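As C-alpha cells, the structure follows; a few thoughts come after it.
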Amino acid sequence: MKVLPASGLAVFLIMALKFSTAAPSLVAASPRTWRNNYRLAQAYLDKYYTNKEGHQIGEMVARGSNSMIRKIKELQAFFGLQVTGKLDQTTMNVIKKPRCGVPDVANYRLFPGEPKWKKNTLTYRISKYTPSMSSVEVDKAVEMALQAWSSAVPLSFVRINSGEADIMISFENGDHGDSYPFDGPRGTLAHAFAPGEGLGGDTHFDNAEKWTMGTNGFNLFTVAAHEFGHALGLAHSTDPSALMYPTYKYKNPYGFHLPKDDVKGIQALYGPRKVFLGKPTLPHAPHHKPSIPDLCDSSSSFDAVTMLGKELLLFKDRIFWRRQVHLRTGIRPSTITSSFPQLMSNVDAAYEVAERGTAYFFKGPHYWITRGFQMQGPPRTIYDFGFPRHVQQIDAAVYLREPQKTLFFVGDEYYSYDERKRKMEKDYPKNTEEEFSGVNGQIDAAVELNGYIYFFSGPKTYKYDTEKEDVVSVVKSSSWIGC
C-alpha cells in the first residue's frame, strides 16, 4: 500500500469508462476498432501514467511510440500482467474496467511530505444528497464507510449538520466550482481531495449516477470507502484484494472488514488503534451471550414473525424463536447473528413466499432474500417494491397465499404488493383499522396460517378471519412461545 506522496489539494476520481469490458485483440481487430482502442489507450495512459505537468491527451503520438510502450509496460507491471509493451487483449480489458481516477504513478507533488491529518477527531458534513437514495441510506453508507477506516486507526469522525467540516460531502452536477467538473452518467463517479486546508478532504459524488446500497447501480459504500481512503492520505495499492485497488469492485457493506493491505497503509500514516483493555478479568471468563428477553412478561411483543419452511420464526431484539406450528414443545431461542449474520440484530419485518422457496427480511430501508437460512446476495433497497421515498422502514409484512399478495404495514396504514406482477397495487396505502375490523393499534408483525391472518400488536395477537372479515379471537403474544 502506498501513501500519497504530497499534501494539499491533490484530487482523485473514480471512473466508469463508457465502454464494454470485453475487447478483441488489436491484432485481429478491424481498422476502426483498432483506432478506437488505440485512442482509448492513449487517453488512459496519458491520464494515469503521465505527470500532471506533462503533455495532455492527444500529444502522446507526437512524442513517439517509445513513450507509449514505456507507459504500457508500467501499466502491465502495476496490474501484474505479462510485461510486453503491447496492447494485447488482457491489457485492453484492464483499460476498459471501471476504476478510480487517481493515477497509478506519483504525480501530485504540491507540498513536501506525505499528506495526513494532524488531529485525531475529524468532522464531516453531508451538505447535498442524491435523489437515487433516501437521506437515511446515504447517511448510513457514509457512516459505515468512515467506520471501516476508524476501526483500524486512532481516528474519530463526528458528524455536524451546519458550518464547515473537515470533510465536506456532497452530490454535485457538472461544473461545481472545484475545477474538476463531472461529466454525466457512467463517466467520473466521484472525486476526493487529499488532507489539507480548504478543499482538503472534501469528497464529491456525481449526482447524475444511479447510487445504491446494493448492486443495481454504483454502490455508494464501496465508492465512498475508497474515496475516504484518498481523503485520509492513501494512494492506490497493487493488491487486487485491497479496497484501494484502482478498479471498481463491489464490497458488501454489511460485515465488511478492511483488507490487510489497507490496514498496513492507513496505519503507516496514523498508527494502530489502541484498544483499552479496562480492569483485569479472571482467566477464562465466560463469554456473555445476548440476554433473552422475558417474553412471558404481560407487556411483551414481537418485532417480526414469519414461516420459514416448516418452522415458525418469531423475532425480538437480537433473539428469535423457532417452533413447529402445531407443537408447543421444542421451542428454542437462538441469536439472529448465529443464523443470519448479515442481519446482525433487530429485524423489522419478515415474510415467506413458500411457492418460490424464498423469504424476505426487512431492516430499515433494506431487505435481504433467503432460501432457508442461506442469504441470497447483498442487501437491496425497499424502494425496489415501489414504496414512496418517505417510507423509511416496514413495521410488518404478511404474504397471503390465495391472492398471491403481500401486505406491508407502515404506521397506521398498509400497502398491497402483487407478487405475480411484482408491482405495488394502486389506491394504497389504506387505513389498517378501517380495513381490518377488530384489529386495534399499530401492527408489529403478521403471519398467515391455515387461512387466518394473525396480527401481532404489542402484547396482543388478533386472529383475523378473512372470510368473515372480522377478528375471531385475541390471545397474548407471549403464548406463541409457550408462556
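Cβ coordinates come from backbone N, Cα and C, glycine included.
The feature motif 'Cysteine switch', as given by Swiss-Prot for the ranges 66-73, 98-105, 274-281, 402-409, sits at 98-105.
Of all the recorded positions given, namely Glu164, Asp202, Asp206, Cys483, those whose Cα is no farther than the 10 Å limit from the Cα of His191 (Zn(2+) 2 binding site) are Asp202, Asp206.
A Cβ distance under 8 Å defines the sequence-distant neighbours of the repeat 'Hemopexin 4' (440-483), meaning residues of its chain 6+ beyond its ends; these are 295-307, 312, 314-315, 321, 323, 325, 328-329, 331, 349-351, 395-401, 407, 409, 411-412, 414, 432-433. Close to the recorded Ca(2+) 1 site, the chain also has Ile167, Met168, Gly196, Leu199, Gly201: residues not among Glu164, Ala165, Asp166, Glu197, Gly198, Gly200, Asp202 whose Cβ is within 8 Å of the site's Cβ mean position. Asp206 (Ca(2+) 2 binding site) sits 20 Å from Gly198 (Ca(2+) 1 binding site), taking the Cα positions as reference. Applying an 8 A CB threshold to same-chain residues 6+ apart, the list for His176 (Zn(2+) 2 binding site) reads Phe182, His204.
Once Cβ contacts within 10 Å are tallied over all protein chains shown, the binding-site residues Gly184, Gly198, Gly200 are led by Gly200.
The Cβ of Glu164 (Ca(2+) 1 binding site) has 10 other Cβ atoms within 10 Å, all protein chains considered. Minimal Cβ crowding within 10 Å, among the binding-site residues Asp183, Glu209, is found at Asp183.
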